[in-house]
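Trainee: Below is one structure. I have some questions about it.
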Amino acid sequence: LLFQVLHRANSFLFTQYKYLAAFTVIFAVVIFLFLGSVHRFSTASQPCQYTKGKTCKPALANAVFTTMAFLLGAVTSVVSGFLGMRIATFANARTTLEARRGIGAAFATAFRSGAVMGFLLSSLGLLVLYVAIKLFGLYYHDDWEGLYESITGYGLGGSSMALFGRVGGGIYTKAADVGADLVGKVERNIPEDDPRNPAVIADNVGDNVGDIAGMGSDLFGSYAESTCAALFVASISSFGADHDFAAVCYPLLISSAGLVVCLVTTLFATDFFKVKTVRGVAPALKLQLIISTALMTVAALVVTFAALPAKFTMFDFGEQKQVKNWHVFFCVAIGLWAGLAIGFTTEYFTSNAYSPVRDVADSCRTGAATNVIFGLALGYKSVIVPLLAIALSIYVSFTLASIYGIAIAALGMLSTVATGLAIDAYGPISDNAGGIAEMAGMSRRIRQRTDALDAAGNTTAAIGKGFAIGSAALVSLALFGAFVSRAGVTVINVLSPKVFAGMLAGGMLPYWFSAMTMKSVGSAALKMVEEVRRQFSTIPGLMEGRATPDYASCVRISTDASLREMMPPGALVLLAPLVVGTFFGVHTLAGLLAGALVSGVQVAISASNSGGAWDNAKKYIEAGASEHAKSLGPKGSEAHMAAVIGDTIGDPLKDTSGPSLNILIKLMAVESLVFAPFFAAHGGLIVN
């Protein structure tokens with residue numbers, strides 16, 4: 001069974017990558033043609049846009065190098081996701097085996113595996129970006145405007161792959177999960193991950209390709225985009241004019257310091273304060289967030305005063321803003337601590353240790369309808385604190401260092417991404433370890449240990465999604481500012497009908513996108529449920545364990561649905577900025593980006609937290625760890641059936657639509673930045 005999971009996961013990813021390779025080549029040609037046509041594919045040098053009196057490399061060179069950066073970002077994103085999936089699939093079985101020794105050994109294995117993935121992804125993204133800057137610099141020399149403008153293609157490539165990875169992987173895993181739960185748990189009353197369930201292999205494969213590979217590509221995209229936005233804004237400020245390489249590469253130095261900090265932080269969970277009991281799992285993971293944030297604050301202070309001059313100027317929409325180095329440090333710090341606030345708020349609303357999730361579980365007494373109502377209300381309420389934290393970060397960082405401050409705040413939130421990925425990947429690894437224990441027929445004691453790890457993992461996964469969404473908001477705004485600057489727009493008038501119409505259309509896009517992804521999961525799940533029912537009713541001895549299910553047919557349903565259904569949502573996200581910018585101009589496109597940002601962040605947080613709360617409410621009832629939980633259980637009770645239905649509704653919300661929305665707002669913004677020269681020169685064919 002374990003071999004089947006690994007084989008099917010590899011098979012799906014390679015098939016998906018064939019589709020993505022075709023898309024990447026086509027979109028690379030589009031980038032070259034659009035950017036090359038800005039000056040009619042001229043090879044003559046052009047006057048620099050920001051440094052008056054100097055000439056910069058031709059637009060054709062920008063088209064070539066942006067295309068190369070796009071391809072580089074796409075390949076790096078795919079490699080990051082694939083390597084993360086390979087690490088997770090090997091770690092699953094090892095965690096199960098270590099659970100025989102005790103909860104501490106299993107936790108250490110799962111967490112170290114997640115840490116390996118986190119460090120691999122972070123260091124790979126940093127290394128490839130640095131090498132690209134140095135290689136591109138061999139051609140651009142002292143034209144830093146052109147150099148760092150072309151580097152923005154790296155972020156576009158990373159996010160493009162992340163979108164398809166998140167959507168495709170999300171559809172795959174949730175179609176299998178919903179089918180396995182509805183028929184296996186609700187109708188047949190068999191345990192989760194029972195090998196008699198025909199959808200169990202597809203479910204476990206989905207955890208690897210969706211929660212691991214998709215999530216890895218997602219956070220890589222956020223990291224790449226925030227770095228590219230900060231580098232571009234720095235290059236058109238005094239750093240670029242003075243050719244101060246250390247100051248321009250300050251974002252890379254912050255990320256490098258973050259790797260060292262995360263390495264030290266990891267030792268606190270695996271060596272300094274080892275987990276010995278079930279009660280110690282959740283506090284150990286929370287301690288990772290606190291320690292990494294505190295240490296990174298100190299590291300950022302050292303890097304800031306070492307790399308940046310005492311005073312300098314930053315580009316501020318046509319003006320030059322006087323900034324001091326300690327201003328930039330506060331931007332990093334507020335991004336860090338806002339991320340921590342978002343993480344703890346997410347934990348409060350999605351962990352069954354607190355009253356919100358217990359209230360959702362209690363609502364299951366009266367059926368699935370009240371469970372759904374309570375879960376939706378929880379999701380809406382959970383938006384308040386994260387949005388206030390993001391708003392405060394934006395206000396302070398913009399006041400201190402203009403749009404560069406927002407980009408640095410986003411990078412601050414992502415500077416501990418290695419730790420964030422470690423605790424995020426820990427969840428799916430623990431979940432699959434429990435599945436392997438169940439499928440292998442291991443003792444109930446081992447399954448209880450893996451379930452305890454998984455319960456903490458559900459909350460850490462929700463925290464990881466909160467970080468991703470919060471950082472996406474800051475990254476998108478930084479990219480938005482860079483786009484407006486590159487397009488030559490100094491004022492965005494909300495009262496302008498072009499801008500306001502764009503805002504309304506942008507606010508609608510997250511709902512349209514969510515509708516497409518939710519329906520895709522529903523359609524695939526419908527086929528999965530029918531197939532699982534068919535096998536239970538037509539294969540003699542399946543329920544008794546005397547016959548083997550046809551796992552391949554369920555895997556085929558998830559694979560076909562994922563590959564087919566991931567294209568329309570991806571096309572919506574990629575075509576919207578191109579169509580609006582080309583036909584309606586940069587002002588309407590600016591409104592579109594602003595509307596999508598404001599709407600998308602709130603829908604994403606609400607969807608992710610509602611789904612996480614429903615999931616943990618179900619596990620709260622199943623665990624029966626308190627008198628209240630025992631009064632709602634046991635498994636198979638009416639309250640438990642209602643909780644399973646709520647969890648099933650929440651699955652596509654928290655693992656498909658919600659996480660994909662943060663990529664939507666980032667991808668649209670970075671795409672607009674990359675195509676900004678074309679929109680400024682030729683955009684507005686209908687409304688100029």
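A Cβ is built for glycine as well, from the same backbone N, Cα and C atoms used for every other residue.
Annotated transmembrane segment per TrEMBL: 20-38, 59-83, 103-133, 245-269, 289-308, 328-349, 369-396, 403-423, 466-484, 491-513, 572-598, in sequence order.
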Trainee: Would you kindly list the residues that approach the transmembrane segment (103-133) from elsewhere in its chain, counting only those six or more residues past its ends and only Cβ-Cβ distances under 8 Å?
Mentor: 69, 72, 76, 79-80, 83-84, 87-88, 90-91, 94-96, 147-148, 151, 154, 158, 212, 216, 219-220, 223-224, 227-228, 231, 249, 252, 255-256, 258-259, 262-263, 266, 269-270, 274-278, 281, 284-285, 417-426, 429-430, 433, 449-450, 452-453, 457
Trainee: Do any residues of this chain, six or more beyond the ends of the transmembrane segment (245-269), have a C-beta under 8 angstroms from a C-beta of it, and if so which?
Mentor: 108, 111-112, 115, 118-119, 122-123, 126, 129-130, 133, 144, 148, 223, 226-227, 230-231, 234-235, 239, 275, 284-285, 287-288, 291-292, 295-296, 299-300, 302-304, 307-309, 312, 328, 332, 407-408, 411-412, 414-419, 422
Trainee: Which stretch, 20-38, 289-308, 403-423, 491-513, tops the Cβ pairs under 8 Å count with the transmembrane segment (328-349)?
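Mentor: When the Cβ pairs under 8 Å are tallied, 403-423 comes out ahead.
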